[in-house]
Amino acid sequence: MQINIYSIAKKDAKYQALLEELCMQCKQFGVEIKILNLLPQAVLKAQKISSAKAQQSYTQTFLPYIALPTALNLILHPTGHNYDSQSFAKLIESQHIVQFFIGGAFGFEESFVRLGKSVSLSAMTFNHKIAKLVLCEQIYRALSILHSHPYHK
């Protein structure tokens, strides 16, 4: 299984070690996680203009990545479906490619959200750094469940 996490964000060295540790732990289950932080100039400019322009720029940034027809595309969204750890594990089970999309501060255009399955990590709002950590931990937990590893207990 290949898991790709795309985020509108800069790489942050303070969180990188924790992310790398979680990604490394997933390798024991034959899963490779790639995290791609995207913050092109077009996004930086658009965020200064309006929330609508920012959302459009996020869509344009992510479109080349969501176009993969064989992937399960999961879009993190505050109104997305809430999963417990067991059902999240079932969601990603048997998938060859799973892709997660974490938008910028202004969220996603509805047209982009409809291109995948909307998922919420929590009713609370997290910054991108924390959201990525929580997501990676939940991916590791899901893989632990699927492989009967004691981590989940």
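Think of each number as a place in line: the chain as shown, counted from 1.
For all residues, glycine too, the Cβ spot is worked out from N, Cα and C.
The model shown is predicted, which means the values in this text are computed figures rather than measured ones.
Of the residues I49, I66, I75, Swiss-Prot puts just one in the S-adenosyl-L-methionine site with G103, L121, S122, A123, M124, T125, F126: I75. Sequence-distant contacts of I75 (S-adenosyl-L-methionine binding site), defined as residues of its own chain at least six apart whose C-beta falls under 8 angstroms from its C-beta, comprise F100, F101, G103, F108, F112, V113, L115, G116, K117, S118, V119. Annotation note: T125 (S-adenosyl-L-methionine binding site) sits in a coil segment as assigned by DSSP.
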